[in-house]
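Undergrad: Dumping what TrEMBL says about this protein:
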{"type": "REGION", "residues": "28-47", "note": "region 'Disordered'"}
{"type": "COMPBIAS", "residues": "33-43", "note": "compositional bias 'Low complexity'"}
{"type": "DOMAIN", "residues": "50-140", "note": "domain 'Heparan-alpha-glucosaminide N-acetyltransferase catalytic'"}
{"type": "TRANSMEM", "residues": "91-109", "note": "transmembrane segment"}
{"type": "TRANSMEM", "residues": "121-140", "note": "transmembrane segment"}
{"type": "TRANSMEM", "residues": "160-182", "note": "transmembrane segment"}
{"type": "TRANSMEM", "residues": "194-216", "note": "transmembrane segment"}
{"type": "TRANSMEM", "residues": "306-327", "note": "transmembrane segment"}
{"type": "TRANSMEM", "residues": "339-360", "note": "transmembrane segment"}
{"type": "TRANSMEM", "residues": "366-388", "note": "transmembrane segment"}
Amino acid sequence: MSSMIAVTTTELDERQPLLHNPLSLSNEEVEISNTPSTSSSNASPPPTQRLLSLDVFRGLTVALMILVDDAGGAFPCINHSPWFGVTLADFVMPFFLFVVGVSISLALKKVSSKPLATKKVILRTIKLFLLGLVLQGGYFHGRHDLTYGIDVGKIRLMGVLQRISIGYLFAAMSEIWLVDSITVDSPMTFVKKYYIQWMIAFLFCTFYICLLYGLYVPDWEFEVPSTNLFGYEFGTKIVNCGVKGSLEPPCNAVGLIDRFFLGEHHLYQHPVYRRTKQCSVNSPDYGPLPPSSPGWCLAPFDPEGILSSLMAAITCFLGLQFGHILVHFKGHMQRLCLWSVYSFIILFTGYVFELLGIPFCKPLYTLSYMCITAGASGLALTIIFYIVSLSFEYYLINI
């Protein structure tokens with residue numbers, strides 16, 4: 001299940017001519033329209049203004065989510081990649097995270113009270129995390145029997161909404177506390193205003209890479225459930241690892257960290273690698289285990305784990321920077337050109353990382369995967385922004 005959030009705001013920045021509607025503190029969401037302002041100072045402002053292209057992007061992402069969720073079983077080629085590689089479904093989560101970052105840049109352009117804004121961000125993060133805990137924790141009710149409540153001993157602690165809440169928290173906090181108060185009037189002042197955010201994002205990436213390739217993963221064991229349908233005897237299975245830097249399903253550092261901090265029983269119990277060739281005769285779809293399948297095919301693994309969610313937060317940071325361009329550059333063509341250039345650079349960087357040996361892998365949220373999906377998000381927003389702008393210009397000419 002994928003989800004999205006709306007971002008609150010307290011004030012609008014009068015520097016942006018498209019933002020001509022100051023809203024009160026009670027408004028839930030502020031976005032801007034792609035059409036130029038035609039209201040005079042005496043005219044009453046409309047109740048809300050929205051960035052229509054961002055709304056369209058959200059809507060298309062929701063439609064894509066529904067498509068891959070409903071049709072992914074019938075067409076495995078558009079379902080999530082079993083492990084390495086990228087399919088259509090693997091763009092849904094990064095699209096949502098990217099939209100969150102853009103929305104934060106619009107909502108927190110001008111913060112009158114940093115402690116108050118911080119309190120609101122923390123409360124929203126907690127609410128979103130708890131909502132994901134209830135919706136995706138499992139054991140909320142039995143599917144074939146009347147059991148209600150939550151089994152705290154087996155509840156899944158991480159999930160889609162939890163990942164979005166983590167990305168939102170890091171991006172929003174950086175926008176509140178790590179942005180210089182200088183006025184942007186040149187490319188140099190733009191860089192100076194936000195360079196600390198880029199340094200934090202770089203440190204996150206470095207920290208992730210060091211843990212992913214530097215942590216030693218020892219042998220580990222897990223409990224095979226007695227209800228498994230694959231012919232395995234229930235009991236304890238040992239997974240032989242003893243390696244560093246492995247990105248394969250059984251012996252990666254992402255799974256190691258999740259097992260250590262969250263515990264085996266609080267991870268996702270039906271990981272996507274059960275659709276790999278080692279674990280399914282119907283790969284890339286789910287199916288019976290092959291005769292020589294390894295024991296780790298039944299092991300739990302959370303695709304929205306701790307370390308991979310830290311890397312996913314970088315997608316929010318990149319969306320944040322695209323939003324900064326929207327705030328500080330007034331011309332549509334300026335925005336389109338800058339977005340296009342940055343998107344292609346990020347995409348190219350992702351493919352370079354892949355050539356250097358960092359494969360595309362959504363469950364691990366590898367650096368190459370983050371770059372190509374964030375670059376694709378930027379290109380999608382650029383194209384939608386251009387189409388929506390042309391549509392409104394045509395509409396204004398013909399009314």
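Using the three backbone atoms N, Cα and C, a Cβ is placed for every residue, glycine included.
On a predicted model such as this, the values are computed, not experimentally measured, just so you know.
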Undergrad: Of the listed stretches 121-140, 339-360, 366-388, which one has the most C-beta pairs under 8 A with the transmembrane segment (91-109)?
TA: 366-388
Undergrad: When secondary structure is assigned with DSSP, how many helix, strand and coil residues does the domain 'Heparan-alpha-glucosaminide N-acetyltransferase catalytic' (50-140) contain?
TA: 66 helix, 2 strand, 23 coil
Undergrad: Residues of the same chain, at least six outside the transmembrane segment (306-327), with any C-beta under 8 angstroms of its C-beta?
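TA: Tertiary neighbours of the transmembrane segment (306-327) are 13, 15-16, 32, 51, 93-94, 97-106, 109, 158, 162-163, 166-168, 170-171, 174-175, 190, 194, 197-198, 200-201, 204-205, 207-208, 211-212, 253-254, 257-258, 261-262, 334-335, 338-339, 342, 346, 363-367, 370, 373-374, 377-378, 381.
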Undergrad: How about long-range neighbours of the transmembrane segment (366-388): same chain, 6 or more residues beyond its ends, C-beta under 8 Å?
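TA: Same-chain contacts beyond the flanks: 34, 52-54, 56-57, 60, 86, 90-91, 94-95, 98-99, 102, 205, 208-209, 212, 247, 311-312, 314-315, 318-319, 322, 332, 335-336, 339-340, 342-351, 353-354, 358-360.
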Undergrad: Cβ under 8 Å to the transmembrane segment (194-216), counting only same-chain residues 6 or more beyond its ends: which ones?
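TA: The answer is 170, 174-175, 178-180, 242-245, 247, 252-254, 256-257, 307, 310-311, 313-314, 317-318, 320-321, 324, 364, 366-367.
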Undergrad: Considering every residue in the domain 'Heparan-alpha-glucosaminide N-acetyltransferase catalytic' (50-140), what is the mean pLDDT value?
TA: 89
